[in-house]
Ligand SMILES: O=P(O)(O)OC[C@H]1O[C@](O)(COP(=O)(O)O)[C@@H](O)[C@@H]1O
Ligand SMILES: [Mg+2]
Ligand SMILES: [Mg+2]
């Protein structure tokens, strides 16, 4: 049995990074505990306020955000943070060398129905002299990430992490309060017969996406020549975890409901960290046109079109868009 801290010390020579990931997991254990208590701790339901995205916040969105902010601000290595639930970046320690970006609670619409949610994080280097209270410090492409991961709060609590050298998963053992190593060098199969997309948006997609999904639905009688299965959990963490476990393709593509936005999901704390994990596991992460991690962000809350998972299937989607 290998504990997370020991693993980090063996796989990284950056003490700042090790301490920050350790700190993140202190926060995530607290979040996991509150999710488990649920209604008994009064954490379900709406917070009766909106975030910067104009989305109605759940109580647990706010609670998780506050826990992460408090724990990370106490880490000397954290120079600043950006969160889905904060309009502006939050400066922390001026001598810090790292920036942490996070979606404190992903899949919020699942909280009240007791279905899987998660936390997603991305760690970027803080440039020399950068102002961590200013957005410009954070606007680095996904390829600059030092580490990324998610914590899934499901039947068990699982951390899936990359430090840029493969993907590893850890299960929280509540008997000892520690994350212990579970899977090493996770690989996503190149081919799949399982897709995930919110079909209710079909009429809003670009024509190539409508054609591709139409062909998927034709199964073995269509041009793709195989029968597909479909899943939609409405929690990106849960979908990506399924793909980490048995392959698949996850899509939240551009749609014209809000034509000026490139997609629903957020680039810097959903698209980029998940892309880093998927790519490190041998999969692909694309906008349907380009690699997500090549995008030069223009804002911390920027949106992105997402097509990720099994490499050959993602390449098929890209071909439909050429
Ligand atoms: O409700 P929809 O449109 O299917 O969207 C589901 C998607 O939205 C998200 O819940 C967005 O994340 P948040 O809950 O952090 O806003 C993704 O996890 C999920 O894939
Ligand atoms: Mg999210
Ligand atoms: Mg969220």
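Any Cβ shown, glycine's included, is placed from N, Cα and C.
TrEMBL does not curate its annotations; it predicts them automatically.
Between the candidates 84, 85, 86, 87, TrEMBL assigns the Mg(2+) 1 site shared with 103, 105 to 84. 270 is the residue from 239, 258, 270, 302 that TrEMBL records in the Mg(2+) 2 site together with 103, 106. Together with 106, 107, 108, 109, 264, TrEMBL lists one candidate of 14, 19, 198 for binding substrate, that being 198. Residue 109 (substrate binding site) sits 14 Å from residue 103 (Mg(2+) 1 binding site), taking the Cα positions as reference.
Here the C-alpha separation of residue 103 (Mg(2+) 1 binding site) and residue 270 (Mg(2+) 2 binding site) works out to 7 Å. Comparing CA positions across the binding-site residues 198, 264, 270, the one lying closest to residue 105 (Mg(2+) 1 binding site) turns out to be 270. The number of other Cβ atoms within 10 Å of the Cβ belonging to residue 198 (substrate binding site), over all protein chains shown, comes to 13.
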